[in-house]
Amino acid sequence: MGYQVVAAQLARLSGALGTSDHASVVSITLFVALLCACIVLGHLLEENRWLNESITALIIGLCTGVVILMTTKGKSSHVLVFSEDLFFIYLLPPIIFNAGFQVKKKQFFRNFMTITLFGAVGTMMSFFTISLAAIAIFSRMNIGTLDVSDFLAIGAIFSATDSVCTLQVLNQDETPFLYSLVFGEGVVNDATSVVLFNALQNFDPNQIDAIVILKFLGNFCYLFVSSTFLGVFTGLLSAYVIKKLYIGRHSTDREVALVMLMAYLSYMLAELLDLSGILTVFFCGIVMSHYTWHNVTESSRVTTKHAFATLSFIAETFLFLYVGMDALDIEKWKFASDSPGKSIGISSILLGLVLVGRAAFVFPLSFLSNLTKKTELEKISWRQQIVIWWAGLMRGAVSIALAYNKFTRSGHTQLHGNAIMITSTITVVLFSTMLFGILTKPLIRFLLPASSNGAASDPASPKSLHSPLLTSQLGSDLEAPLPIVRPSSLRMLITKPTHTIHYYWRKFDDALMRPMFGGRGFVPYSPGSPTDPNVLVE
């Protein structure tokens, strides 16, 4: 009799597992089909002046959510449960790594001071603006059990701009300078926001004094520097291993696999050590494109370049598609439905704080940046400042992932205040991406007509900051560098720091780094190596 009971239980368990597996297969099949639809529609709308692929994915996600909501009779609106682990461990790494891998390094580091000024200092200014305003306003609105630490987290959450959507809206050929600045600022901004968010987890707002603030800033700087160092170290390690072993002479597959796994390893090591994986994998991508990419065979170069770009594209589309579907999650709206007026008011306030927080640093920092420029072409004009301010108003998957991390447990919440913050975050992300994303292209055409970008956007101009940040061929920025006169005094270092630093970096790179780690023109000739003509010529 006992055996029959056990057998019956095992049968029920097997049936439940079979049902669960079938549901997973159905969910994944539907999501893959929706991804294909997003790609096809994105291609058909390529020339549309209003829509881009991110907005298309959001609309498809919303429509799918409505269909699922009606099919399940109001029980669910999505086929996958959101997990911050899914976002931070699987989807974000290929996006950020590809950004670093494809970056035009010389232009990125030539504008590095301006990018850092906007991305790091600007994000801190936006964080303090939004946090202080949230404490002053929300603490009087009786929003559940939220406290000061939650309001500080809100500042970090809504300081994170959506560089993915912004880069799809901007065009590097039409607006190269804006593209370079928004691209660099977006990556540094995301990393700074995540580092800030993580640093706040160990911050006690009830015991604030000078020592606590210094420890907080010290922890922030430690995370920033350590994450960057880890990314550089992992990239150099991959370059050294591939240069010494010549793996490609036996197997291109192994070579490509090692490059991809080493890139992902850098991110996971950062997460393991409680560092910023975004910064780590971004600088790992830069180092790999500078050294490792030139040490592999020609076929591996083509494969890695397109593989990273494809993974990044799929991850971006997946994120926007899911955000659209998750916007209609009935569970969270149910807990916030008893006070719809308050929820709408909080969403409006947060959107207003995003506008103010962005303006609080874009215009003052642009003014400071212009003080260091000697020619009008190098300065950021008022029209460009407005476009930069507008393009950074969009919020996306990073904000949603941080909000889920703070206000939910495994994607679920039953607290009234937390549910309101989640639904308000989703509302701000949808509204900002749809409205600001749709209006960005017409705004750029109105403020910056093509006729006004003529000489100013000439990439061949040595003194122009309007060179495109990305290049179609990796490493092309290493060839034919702009002539840099050797600094003859300390005054040259002060007046032209980027040119001077770049000059000495090239000397150091050519004398020590490239002979050891490889790179264009510095990989020694050896049979079967990446420089072997028999390997390069298929």
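Each residue, glycine too, has its Cβ placed from N, Cα and C.
Feature annotation (TrEMBL): of 276-294, 485-503, 504-522, the stretch labelled transmembrane segment is 276-294. Packing against the transmembrane segment (23-45) from elsewhere in the chain are residues 51-53, 56-57, 60-61, 64, 79-80, 314, 317-318, 321: each is 6 or more residues past its ends and has a CB under 8 Å from a CB in it. Here the transmembrane segment (276-294) has Cβ contacts under 8 Å with residues 88, 92-93, 96-103, 105, 108, 187, 190-191, 194-195, 198, 223-224, 227-228, 230-232, 234-236, 238-239, 242-243, 259, 262-264, 266-270, 301, 304-305, 474-475, 478, 513-514, 517-520, 522-523, 530 of the same chain, all six or more residues outside its ends. Contact count against the transmembrane segment (57-74) (Cβ pairs under 8 Å) is highest for 419-439, out of 86-103, 115-139, 220-242, 386-407, 419-439.
Tertiary proximity for the transmembrane segment (386-407) is limited to same-chain residues at least six positions away from its ends with a CB under 8 Å from its CB atoms, namely 54, 82, 84, 87-88, 91-92, 118, 150, 153, 156-158, 160-162, 164-166, 169-170, 175, 178, 181-182, 185-186, 189-190, 193-194, 197, 319-320, 323, 326, 354-355, 358-359, 362-363, 366, 380, 413, 415, 418-419, 421-422, 425-426, 428-429, 432-433, 436-437, 439-440, 443-444, 447-448. Ranking 86-103, 177-200, 220-242, 344-365, 419-439 by CB pairs under 8 A with the transmembrane segment (306-324) puts 86-103 at the top. Against the transmembrane segment (115-139), stretch 344-365 has more CB pairs under 8 A than any other of 86-103, 177-200, 344-365, 419-439. Sequence-distant contacts of the transmembrane segment (220-242), counting only residues of its own chain at least 6 positions beyond either end whose CB sits under 8 Å from a CB of the stretch, comprise 120, 191-192, 195-196, 198-199, 248, 255, 258-259, 262-263, 265-266, 269-270, 273, 275-288, 290-292, 295-296, 516-519. Only residues 6 or more beyond the boundaries of the transmembrane segment (86-103), in the same chain, are considered here, and those with a CB under 8 A from a CB of the stretch are 163-164, 183, 187, 190, 263-264, 267-268, 271, 277-278, 281-286, 288-289, 293, 305, 308-309, 311-312, 315-316, 318-319, 397-398, 401, 469-471, 474.
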